[in-house]
C-alpha cells in the first residue's frame, strides 16, 4: 500500500492513528482528578511533540543512517524559524508561504554548511558542525542585529510589529498565524463526562506535516538511497571501492535532514510567531541528538518516541514538586514518606535534566538501539522467543565501523 | 598491449623510495601475480592502481585510459574491482543487500538520488543479486547479517560483490593471508573456478608461493620497489636472481 | 603599542584556561583515544571544589552581641566562622580569604579520584566502541555532572573572591616602560597555567612513567607487546588530565564566578582549540589555546567590533573552520589522527 510493504504500512497506520487521536490519548485523566497534571493533551505541548518529532525524524536520516553525528542541527531549525517570521512580516500571517520558505532557506543553508563540513568525517565532522552552529548562534544573537542591518532582532527575538509591510494582510484575517483564515490557535473543546479534550488547528496542521514527513522517511529508508546511506555507516571504504561516491550521498542526507529541521522551525514559528537565537544554541542541537538516540537511532519510529518522551519530561515531569510527591507517598508511614520524597526529589521538578542525563547514559551504555530495541527485547522476553535472537541483536551493534 | 599498463611508476614517502620505476603489463584474460618480500612495495603499487595513492612519476593506463588522479570510485567505474586482505563488506547489512549495492553502482553510476522507490522492488537488481549468490553458493544465507558470517563466507561474499559488477580487472590483495592450508586451497579453487568460468583478468598480490604457482600465468617479482623479473611461473622458479632476492631470504 | 600589549595580556587569562582544558583533552585523547565531552564538567567541578572549600571554611556559629543593635533595634547576631574561633581571627580570617589557593590542595586528590572513577567506571568500557558512542556517553555524563552540581549549588553564579593581596591591579607596563594596569589575579592565573603546563611536560619528558605514556601515545600496540601494563598508566593519565582541568577550574573562579554550565561553555571552545592545535598534539593544544585566547581578545577591541560587528563572538569558530579545511591535522598535529 502506498508503496510500502505491509509491515511499514501497519506502522504508518499506527502513527497516523496516534497523531489523529493524540488529544484523546494524551488526556487519559479526568480534568478534575489529581492526576490531570500528567495530561499532555493540551495544544502547546502536542504541537511540540509533533514538531520536534519532525526535527528528530530528519536528524535520524543523517545520523541514524550514515552515522555522521552532527552537533549543529539546531542552526537549521533556527534559520527556518527566522525565515518564517520574515514571511509573516513581509507578506501576511498565512503559514503556508512561511513554512515553504523555511524549508527552502534551511535546505540552502544546510547545503552550504554540509558542503564544507562533509569534507571531513568522524569527530572532525562533529566539531565542524558544532563550530558552524555556534557561529550561527553568535551571528543571530548579535552580529546580524545591528541598527544598520537587523535581520534577527538579537536578544529580543524576531517578531511581527504593526508597522511591518504584511502586503497581503487584510482586516478580515486573524492577526495571528493562520491557514487561509483558520487561526492556528483555533481550538474546540469537547467535554465527555469528566474528560475534556482540546482539538487545536495548529496541532492538526503540524500533525499533517509530521505524518507526511514520516511517510517520506519510510520511503527513503527503504529506497536504494537509504541502503547506500546505511552502507556508508558500516563501511565507507568498501562503498568507494564499489564505484560509489559517498560525498554526494552524505550531502544529500545532510540537506534532507536540514530541510526537515527547517520545516520544524517554520512550524514552531507558525504556532508562535517569534524566532529567537537561543533556538540555535548547541544545547538545542544536543537535545535532538538525545531524542534520536533515546528513541533509537536508525529506526523509523524511534525519533518520534524519543522526542515525545523528552518533551513530556520537559513539560510534565518538570512540574512535579514536593507537594505532589507527598501526595504520591502519602500511603506510607510519615518517616518513610519523607525519606521517599527526599530521595525522589532531586530527579523530578527542576531536576528532570538529571533524570534525562542518567536515562540517556543508560541507553547509550546498555541499549544502543534505544527504546525501540528495549521494546523489542521486552516483547521477545514476554512472548518467550528464544534468547539466541537477542544475542544476535547484541552482536549487531558491536562491530560498527569507527566513525 | 595489456589491459593494464604500468610504466615507470615511482612513489616516495619522505625519505623512503617505496616504488622506483615499476613497469608492468597485465594481459587480458590472464592471471598475473605480483610477488615480493615484505616491504617490496606490493601494497603501494596496488594502492597506486586503485587511486588511493597517486604516484610521483610514471603512468598507469587501464583499457586505454589513464587512471592517475582519479578517485577510487571512478577507477572502479572504469572496471577495476578490488578484494582486500581482510574482507571489506557491509557488516550491518544483509548478505543480499551487500550484493545489491554493487549492482546499483553498476546500473546507476557513482551517485543517483533514488530516494523514493523501494530498493526491494527493483527486479533487475534482485535478479542479478540472486544469480551471483547462487554462483557462490550463498543463496541460502541471503537474509543473514553480513557481520555474522564466517571468515570464509565473508571472503566469498566480497568476491561476489566484486564479480557481480563484471569487472574487466579483478585485483586481489593477498586473498589467502592468515588462512589455514585447507582454506587456502579452497580459495585457490574458488579463484580458479571464477577465472575459468568468467574469463576475468586477475592481478594477485601474494607472498604465498603455493598460491602464486597454482594460479598465475605470469609473475612479476618486486624487490625494494623495483621489478626484478617478469616471466612465466616455470621460469621464475628457476631464476637465480629471484632465488637470491626473494626465495633465498624467505627460506 | 600599549593597546596591543594590553589586548595580548587580556587574552592571556582566557588563553590559559583554553590551553589547560585543551591539554587535558589531548592527554586523554592521545593516550586513551577517547573523545571526552565530559572534560568541561571536570573544569566546572574544579571550580566548585573552591566554592565548597570556601563554604566549609566559612561555616559559622551565631552569637548574640548585646552591645550592638541591628537596624531593627534587636541585639545583633554575629556570625563567627569556626576557623576563626579555632585559630584566632587573624589566622582564621587569612585561611578563609585564601580559600581559593587553598582549594588547589583540596582539589588535587578529589579531581584525581573523580578521574579514576570516571575512567574505571565508565570510559574503560568505551575504548572499543565507536567515537560517536564515546561522544554520546560522555555528553550524557556531562549533563549528569552539571545537574548534580546545580542541585547542590543552585543555578546562579557563586562569587569566589581571590585573596585581598592578589585582588588589586598592578602596573605591568613598568617592565616595558609603559603604563598598563592589569588585574593581579589574571597574572597569577597565567603564571599558574605556565607552571602546570611546564609540570605536565616535565613529567612526560623526564620520568620513566611519562616516557612509557609518550611511547603509548605514539604506538599503543607495540608498547603493550613489550609487556608494559599500559592500561594502568593510562588510567593514571586520566586522573592527571582530570586534575589539570580541575585546577584550571579552581583558579578560574575569581575571574568568572563559577556556575553549573561553565564547563559546557568552555568545552565547545576547548574542542575547537584541540582541533586547531592538532588532535593528539600536546604542544599544539597549548599553543592554540593561547593563540585563540589572544586572538579573541584582539577581536574584542572597539576598533574590531565597529569594523565588523560581533567579530569577537565568531572569530574562534572562523579560524577553526579555516584551519580544519585547509590544514586538517591542525597546527602541530600528526597526519591521519582520527581520520575516518
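Note: Cβ is positioned from N, Cα and C throughout, glycine not excepted.
Database features (TrEMBL):
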TRANSMEM  C:15-35  transmembrane segment
TRANSMEM  C:42-61  transmembrane segment
TRANSMEM  C:102-123  transmembrane segment
TRANSMEM  C:189-213  transmembrane segment
TRANSMEM  C:233-254  transmembrane segment
TRANSMEM  C:266-295  transmembrane segment
TRANSMEM  C:307-325  transmembrane segment
Within the same chain, the residues 6 or more beyond the ends of the transmembrane segment (C:42-61) and with Cβ under 8 Å of it are 17, 21, 24, 79-83, 85, 95-96, 99-100, 102-103, 106-107, 110-111, 114-115, 145-146, 149, 153, 158, 160, 241-242, 245-250, 252-253, 258, 260-263, 266-267
State the non-local partners of the transmembrane segment (C:189-213) in its own chain: residues 6+ outside its ends, Cβ under 8 Å from one of its Cβ atoms. 12-13, 16-17, 19-20, 23, 27, 31, 223, 228, 230, 233-234, 236-237, 240, 244, 247-248, 251-252, 255, 282, 286
Stretch in C:15-35, C:102-123, C:307-325 most in contact with the transmembrane segment (C:233-254), if contact is a CB pair under 8 A: C:102-123
If I count Cβ-Cβ pairs under 8 A between the transmembrane segment (C:102-123) and each of C:15-35, C:266-295, C:307-325, which range comes out on top? C:15-35
Taking residues 6+ outside the transmembrane segment (C:266-295), which of them lie with a CB under 8 Å of any CB in it? 7-8, 11-23, 25-27, 29-30, 37, 39-41, 43, 142, 197, 200-201, 204, 217, 315-317, 319-320, 323-324, 329-334, 337-338
Long-range Cβ contacts under 8 Å made by the transmembrane segment (C:15-35), restricted to residues 6 or more beyond its ends, are 42-43, 119, 123, 126-127, 131, 134-135, 138, 189-190, 192-194, 196-197, 200, 213, 216-217, 220, 234, 237-238, 240-242, 244-245, 247-248, 252, 266-267, 269-271, 273-274, 277, 279-282, 284-286, 288-294, 297
